[in-house]
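Engineer: Below is a structure I'd like to ask you about.
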């Protein structure tokens, strides 16, 4: 093959590696977001220790599933309604099913983390980084060889020969690493297949759980419709004692309205004065933001604050969520609730 043909082949392989790197990085991020839309749970999923899952040391990923939270809510209100309520009994059935769905979702998250996310992350952290290192080294040696080649005759031939050998050596190493990556991409297909298998297993179990719940609810409706309806019989009304003629509220005594004195009227119209805020403000030479509205956390890991609070920024999770610290507590919060005073370094 000609030199031009070799260069073209090398450039084509380099382009494929670059596209593979971008694809793996974005698919990883989107997969984690698909499994857990909540940024606090996403962070915990990313830090999940897969080895402990394989050994059976932990049976859940360490964060609540939305199905489990819904199930607990249904069970709590079902118990409050009591066993004589059709709706209460149905809520108990639905709540137990939701908790089962949460367990199945836990298994999905762990399975995908182990067989899809971790292998792709390893590909990013090891193989692709190694190729980038070889390509960077190759570029440096190419520049050195070109420089010495232009000075041929002015420098010793041995120096030029060594520069050429180093360039050829780096080129061979880079070509080999790229070839191995591109020729073994069937491994990524296998990992993608594992993702689909985990999803199929999750949806099969979810369908079974929901089918059983649907049958229970239909059976309850049939049983309720077959029972005779109880008629409501209101108690006979007792005659009302209208009391004295001047009372116009159905016989109930009226409470005397309190007299308002000038001093009490004046005090009631006073507006409370705002005292200076005792909130600790971090120095504005570090990344920070100011709360525009009150934010009440709804999930574990979220950071609550009040309007006017100054929050220290520590990390940006994505385009919609920040991580920060306030009063010694760390957590996540939405970007739309704050005004950035000092941005995070790029």
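Glycine is no exception: its Cβ is also placed from the backbone N, Cα and C atoms.
Quick paste of what TrEMBL says about this protein:
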{"type": "DOMAIN", "residues": "1-226", "note": "domain 'BAR'"}
{"type": "REGION", "residues": "220-288", "note": "region 'Disordered'"}
{"type": "COMPBIAS", "residues": "222-240", "note": "compositional bias 'Basic and acidic residues'"}
{"type": "COMPBIAS", "residues": "274-283", "note": "compositional bias 'Low complexity'"}
{"type": "DOMAIN", "residues": "284-343", "note": "domain 'SH3'"}
Engineer: Could you tell me the mean pLDDT the prediction assigns to the domain 'SH3' (284-343)?
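Structural biologist: So the average pLDDT across the domain 'SH3' (284-343) works out to 91.
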Engineer: Can you tell me how the residues of the domain 'SH3' (284-343) break down into helix, strand and coil by DSSP?
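Structural biologist: Counts, helix then strand then coil: 3 helix, 31 strand, 26 coil.
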